[in-house]
Each structure stands twice: as structure tokens, then as C-alpha cells.
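Pulled from Swiss-Prot, these are the features on record:
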BINDING   47, 48, 49, 50  GTP binding site
DOMAIN    1-125  domain 'tr-type G'
């Protein structure tokens, strides 16, 4: 459930696969889900390279991953693949948090991975000119402040002081945005693509459920019937 929810919001993904074991059944599931929910770009990290002494085995695993990606209509031949060891990199940074580039091969692998992500996954275009819409992923209360709904803004912008509607599952209600936060920083507004927490006036935690949406008043209509295409993973 959480993997599907997260993947549906991604502009790109890092697929982690063991260099020692090769693609596992869950690797195939992650690729399939990424394809079906519309993740546009993937970069691969072959982890546990420190456990592989045979360079030919590493090349074989890379080839297997590329073929698997191609079988799900990703450009397997073109996708960047970086081999390294997350554990070794963490251990090196724990021993010396000020390690710079070129000072540790395993830390350098992570720098290379981040560089490949920056280069291969383009900055997405955001629908900031459309009416505000955000699907609610989670809800919690802040003592003395009120109720916060969190999620990724699908389109438009939301500003402090604006009226919004809470739509879906229950009767539509209205509230005023009294705060917008992202990564523990207070913002004047959030926009499409941002993962934010929206503080709502006069709303109790039990008034909002995951699956509801926050929207510009009058911009959407809830429906009780719809057509859907469903993908089922066996076993």
C-alpha cells in the first residue's frame, strides 16, 4: 500500500538491487508498479558491491537488470546503473563526517548516484496555473494549533489565508488554511509538486481521512461511480 502511494507521486525513482543476489521477486514487483503508476524515469543502484569479487558476475547482474527493465518497457539499455555499497559509505561517513569527494571510493559511489539522478531525471513541469488540488495522505493534530493534512500538491497553489474544500468520502466541508509547512519549514504558499502539511482552521482530526482531497472551492465534484483499470500482483 505505501509503496503504491509513494510511487504514484514520483517524478523518478532509484531502483535498489543487490549486486550479490541479482534481481529478486520484489524487484520485478517494484518495476511493474513503477510502470503502472506512471513513474517516468528510473536510475539503478546495485548495492552490496563489496560482496562481489567477480567483475563478470557484476556485469551479469547489470545485464539481467537491464533486460528486466526493458521487459516492462523502460529503456533498459539507456538507464544509468551505479554499483556501490550503502553500508560501506555509511560506515565511512560515521568514522569521518567531513569526507570529501575523492577521499573514499564508497562515498564517491553515492556522489556518482546522485549525479546520475540529477542528470538523467529531468526537472518536471508543474501545473501551477490550475486550481489547487492535494490528495490527503495522512492527518495529525498539533497541540494548540489544530489539524494538519499532509500530501503532495497535484496542481495549483495554496496560500495561507485561502479558503479550501475538503472533498470525498464524507460531505464536502470548507476550511481556511492557517499554515503551510514543508520539511519543518513554514511557507507562505505551497505549489504543485511540493509535499506539504496544510494546517486547517476549525477541523478535527477525525473530520479528514486518507483518500480525501483538499481543493479550491467549486473546482471538483465527488463521484460515487467510476471506471478503473486494475493490476493484480499474484503471490
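Glycine too: its Cβ is placed from the backbone N, Cα and C atoms.
These numbers come from a predicted model, not from an experiment.
A helical conformation is recorded for residue 49 (GTP binding site) in the three-state DSSP classification. DSSP labels the residues of the domain 'tr-type G' (1-125) in these numbers: 64 helix, 16 strand, 45 coil.
Residues within less than 8 Å, Cβ to Cβ, of residue 49 (GTP binding site) and separated from it by at least 6 positions along the same chain comprise 19, 58, 83, 84, 85, 109.
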